[in-house]
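As recorded in TrEMBL:
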type	residues	note
TRANSMEM	A:9-28	transmembrane segment
TRANSMEM	A:48-70	transmembrane segment
TRANSMEM	A:100-123	transmembrane segment
TRANSMEM	A:135-152	transmembrane segment
TRANSMEM	A:193-210	transmembrane segment
TRANSMEM	A:238-265	transmembrane segment
TRANSMEM	A:272-301	transmembrane segment
TRANSMEM	A:307-327	transmembrane segment
């Protein structure tokens, strides 16, 4: 942090000023000229929170994707299918058992097991052949999408989250001050804040796991040099299977979390696959921190695009990707 | 190597494999002994899909760049046809004459393809597939939401080929010959290009970009030009495709269709330009007749399984299976011919550029 300020003083000042303006826009009561320029403050703040929570959801999906790529150089294009399958399994279990949390747990475990099976049965056979692995995942995603359509049909499903996650809460942010002098506070759905908390918790958990445990150390070593890790006596296949399990499990977990925040329907697999792709391209493949930054950027861009220029929302997300590729082809946090 | 030595042997008529003549005669005579359905829905459609897949095969097989955005390029050309030419929807449709619309559509698609190339060539290998997939999905969402230019969810209908020389070109038989002529043209262009200077340097770049860079070749420009050329093929196929369907909508450029193109190219084989056409024929036949075997709804499962099996067990696709079979039953015409020529040319064989 300090070295960044010393090396790029100009950019540090720009970022600092932007952050200050942003905080002011969130917490201050807006003067009239600002409201007439970009609309009501409520829209702005809600869009901002929607963007951040959507970013949290994208992070949950993309962190598994980037983790698997970082270690195994395997672009798992079936990641979106895993998300959707996790959502469906979680839904069935939650309906049958009546417990949303049990559904979440089973979705995580079931998709983690499917990830291990994929790694052991298929990817191990074609190690080092990136393109073939990717093609295989495309084949799997075609079949998975079709079979899921056959089982769960085209209907949209909606989760019932637990009672205490339902409803809205008041944020300590004033939207407008009425002429009577009473302040109106902004309300926001609790569940979306819970998504954000879950994403932050998973992010911190992953960071601790990768940086503070022995297995995490092995994984990081494997990212840098697979052969050396194998040569130093680590069972690389076991580490691979574990990472694949975590990465896939996170997709299943995100499936239930995201399916509750929005809904479950065919086609969501492609949507989240696209989100993960752009997030990791922007953030840098293989970097969990990069996935967090990328997810935040993409989530914000998508929501602000939707609120302020609806037709071209997709283009905004896409532009971010192009700009990042033009300036830093390896992604914001990507190393070479 | 001696210049000219590479081609001199190919000009003798005796060197042409009789099977090739049989295939050519079959393709030319095909409409005379089949119904309109087979001529149009199977024959012409296979050739069009084969051309789109050919543009992918050219990029992937010779350039090592697997792009999932080839159908997007074709779709872009189709949209340009509807926007600049005539359509029956009442949105856009500037009504330009055909001799202006067609070149603009094809060139527009080629430029669009070059832009995609410019974005994606900065990264390599596996990144290309991700970036082009992201571009394909973004284009799909964009045309679905944009009503001013692309007419959103409904897209365009009533895009017709011009009536020239008194022939209605969308009638099955003229349309079949039109697609056959264009497909054959691009097939031989790719075949020729692979042995021309540009094709050779492109293949060298695929095998070792750093060495080619050190030798003074501009790697980035070669790759972008390859994207431009593949854009011409894909764009032409896109014009034919919009005539074939008569309409174009976001569904025509969806991700599933874009992936179908990859499936076709991989199933057919990416070593030789004939692969994409083989893959396209297999795909179209499956699409039309798999209904008899299983439920129509589960077509994607069948095609996905076929794709998976090919990737798992025969990385070179149908071409790979064919050469295995041929080697086993000793029908190795090419090897014998090569040997004969080698003796004639004093031991100088044509070098193989396959990996």
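Every residue gets a Cβ built from N, Cα and C, even glycine.
Tertiary proximity for the transmembrane segment (A:307-327) is limited to same-chain residues at least six positions away from its ends with a CB under 8 Å from its CB atoms, namely 38, 43, 47, 278, 281-282, 297-298, 301. The stretch with the most CB contacts under 8 Å to the transmembrane segment (A:272-301), chosen from A:9-28, A:100-123, A:193-210, A:238-265, is A:193-210. Same-chain residues lying 6 or more positions outside the transmembrane segment (A:9-28) and placing a CB less than 8 Å from one of its CB atoms are 34, 41, 44-45, 48, 173-174.
Through the fold, the transmembrane segment (A:48-70) approaches residues 26, 76, 79, 83, 188, 192-193, 195-196, 198-200, 202-203, 206, 223, 243-244, 246-251, 253-254, 257-258, 261, 272, 275-276, 279-280, 283, 285-288, 290-292, 294-304 of its own chain, all at least 6 residues removed from its boundaries and within a Cβ separation under 8 Å.
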